[in-house]
Amino acid sequence: MSNTLPDLPYAYDGLEPYISKQIMELHHKKHHQTYVNALNAAEASYAKAASPKERIALQAALKFNGGGHINHSLFWKNLAPSGEKGGKGGVLSEGPLKEAIVASFGSLDNLKKEFNAATLGIQGSGWGWLGLNPSTKRLEIATTANQDPLLTLVPLIGVDIWEHAFYLQYLNVKADYLNAIWSVINFDEAQIRLVEGSKL
């Protein structure tokens, strides 16, 4: 089955001023499209592979590009135009997600501080995550390297910390990017994932 690049649920300039139109166009049309193309090529090669050795040799490409496709497909839905632009980005309404955040972290501000600190601790490229532990039903912060998808928790919010996600706007100041992105986080989408994940 061929993988395809998903459409963005907002315009390329919809996340400004927090994430620029230039970054969004490059990130979506170039970087994510590259993961999709490489994943399709790796899957096609895997289907034709005649030996276990050939299939094993393709595992790295499948993991990297498959993870890139999974993570970015989730990332675009994680974001929304900001509240000051009439969107839902950055707005945490009353409901199960807010209750879970307060139960696990005390407040949204504490979650942001802990999330940003953990994500800034990534050496090189990777992702910061807010996830639901399916066993304890509590929220946890996690990080993954490179394009590894989050497998131990149900992903609610994922933030791309690869340089292509922020460098054109924030240069090497990752902390400014992480502080800004909370203004366009789609908490409504995260709550939908929380409710679905709670049923597991």
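Placement of Cβ uses the backbone N, Cα and C atoms for every residue, glycine included.
Just so you know, TrEMBL annotations never went through curation; they're auto-generated.
Small disclaimer: the values here were computed from a predicted structure and weren't measured.
Other C-beta atoms found within 10 angstroms of the C-beta of His72 (Mn(2+) binding site) number 26, with every protein chain shown included. Residues annotated as Mn(2+) binding site in TrEMBL: His27, His72, Asp160, His164.
Residues or ranges marked as domain 'Manganese/iron superoxide dismutase N-terminal' in TrEMBL: 4-80. With helix defined as DSSP H, G or I and strand as E or B, the domain 'Manganese/iron superoxide dismutase N-terminal' (4-80) counts 54 helix, 1 strand, 22 coil.
Positions annotated as domain 'Manganese/iron superoxide dismutase C-terminal' by TrEMBL: 94-191.
Its own atom aside, the Cβ of His27 (Mn(2+) binding site) has 23 Cβ atoms within 10 angstroms in the protein chains shown.
In sequence order, His27, Asn71, His72, Phe75, Trp127 are the residues near Asp160 (Mn(2+) binding site), counting only same-chain partners six or more apart with C-beta under 8 A.
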